[in-house]
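*Asks:* The structure follows.
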Amino acid sequence: MASVAQESAGSQRRLPPRHGALRGLLLLCLWLPSGRAALPPAAPLSELHAQLSGVEQLLEEFRRQLQQERPQEELELELRAGGGPQEDCPGPGSGGYSAMPDAIIRTKDSLAAGASFLRAPAAVRGWRQCVAACCSEPRCSVAVVELPRRPAPPAAVLGCYLFNCTARGRNVCKFALHSGYSSYSLSRAPDGAALATARASPRQEKDAPPLSKAGQDVVLHLPTDGVVLDGRESTDDHAIVQYEWALLQGDPSVDMKVPQSGTLKLSHLQEGTYTFQLTVTDTAGQRSSDNVSVTVLRAAYSTGGCLHTCSRYHFFCDDGCCIDITLACDGVQQCPDGSDEDFCQNLGLDRKMVTHTAASPALPRTTGPSEDAGGDSLVEKSQKATAPNKPPALSNTEKRNHSAFWGPESQIIPVMPDSSSSGKNRKEESYIFESKGDGGGGEHPAPETGAVLPLALGLAITALLLLMVACRLRLVKQKLKKARPITSEESDYLINGMYL
């Protein structure tokens, strides 16, 4: 009871001055009606004590309401700072504690922040016994006492819960107001036993620096949409709390975005070499860095190499290389000699007229086997059928590009060459391409096996019909033969046979 009285008095001492004024006003309001009642002088003192006890109950209820209206952040700051009167730990243990009535720990949030539950001592008869158990526990920093319901039995057992709220050198526990619970925060002073324990177990207190991994170097070819660098493979013995990316070398106009923690998305890359540095920071503030390079080449064949396997879906350069057909006529020279863009400079979209230059007398460089024999034969057949007296045929490279661009069913109509063209080591010829189908289907050749299957089915059905007709005619012929009337010669033969 003495301790409860001390706590009540301490809580009343902590009330602001305005609360004292409100208390006086409330006492005055309660005292005036009693004076107006004109009690006799010989009124028993028991009635006065009853009125005073009622006033005290009202004040206590008013104090609790004011305490419940306090912000939760103020309560947490007071508990973390060890607010309230400091008292020495009862029993063994050093340090002091501060009490906060009607406060309970938010277990789930505190454990998620790094706190840990130690134990729940049994057979606790008072809050001092719970605080003493926390003081005797080296890692205990908060003790939560669950008070019994009123009226409490004489030997009621209290609930006692011990927590370690210290993580990464600070208090991480969170609290909330709740009647029926009291929390006690311990503040320990370093003693010789703690220092000896720390020296005896240096491995537990050691925090190694993090290991930064920015990933492997990247090589890209223009045009490109960008790349994503991933540094989430960085490791630490505790945890990594921050990732920082920095551009050390390269065009500063590159667009750098962080879609997720530890990653970096790059866009608007230009030709050249970029160097990026990843710096990671762990929970102890230790840092580690690693570099990664991003090399952006001019084009897919800017290194001088050529595609080794060429097909009708590729554009054949004048020097013998081949590139993807979609890279031609895109405004960027992909061929080493730039013939992919020279081929399309005189391309008229309204007349579809292309001016080609015949190959030079020098033999082109061979880089790989060609798979476009079918495309060449189709172009040659169409040229022979439509222009028997046309000028000299195009080179193999030009014919392949024509076949890839305009399709195997295109017709080539010769046009008279320009008289102003020069004939020095080369001949210029003009052709107008008129595709039978729409322009969208010129990139893929017509399948040759598509007409074989319908033809085979037609022949099979025709043969079956002919067989059925032949069988039908044979049956009709046999029926007609059986139903033929007897001739005169046959009747005479039968009659003579009867008399013989």
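Here the Cβ of each residue, glycine as well, is placed from N, Cα and C on the backbone.
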*Asks:* Of Cys306, Cys310, Cys317, Cys471, which cysteine does Swiss-Prot list as the disulfide partner of Cys335?
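*Replies:* Swiss-Prot annotates a disulfide bond between Cys335 and Cys317.
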*Asks:* Pick from Cys321, Cys322, Cys344: the cysteine that Swiss-Prot pairs with Cys329 in a disulfide bond.
*Replies:* Cys344
*Asks:* Taking the Cα of Cys335 (disulfide bond) as the centre, which of the disulfide-bonded residues listed as Cys310, Cys322, Cys329, Cys344 lie within 10 Å of it?
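*Replies:* Passing the 10 Å Cα cut: Cys322.
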*Asks:* What Cα-Cα separation, expressed in whole Å, is found between Cys344 (disulfide bond) and Cys317 (disulfide bond)?
*Replies:* 12
*Asks:* Applying a 10 Å Cβ distance cut-off over all chains shown, what neighbour count does Cys335 (disulfide bond) have?
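*Replies:* The answer is 24.
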*Asks:* At the level of the C-alpha atoms, what whole-angstrom distance separates Cys310 (disulfide bond) and Cys317 (disulfide bond)?
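*Replies:* So the alpha carbons of Cys310 (disulfide bond) and Cys317 (disulfide bond) sit roughly 11 Å from each other.
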*Asks:* For Cys329 (disulfide bond), list the number of other Cβ atoms lying within 10 Å of its Cβ atom.
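*Replies:* Result for Cys329 (disulfide bond): 15 other Cβ atoms within 10 Å.
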*Asks:* Between Cys329 (disulfide bond) and Cys322 (disulfide bond), what is the CA-CA distance rounded to a whole number of Å?
*Replies:* 14
*Asks:* Counting Cβ atoms within 10 Å of each candidate's own Cβ, which of the disulfide-bonded residues Cys317, Cys344 comes out highest?
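*Replies:* Going through Cys317, Cys344 one by one, the largest Cβ count within 10 Å is at Cys317.
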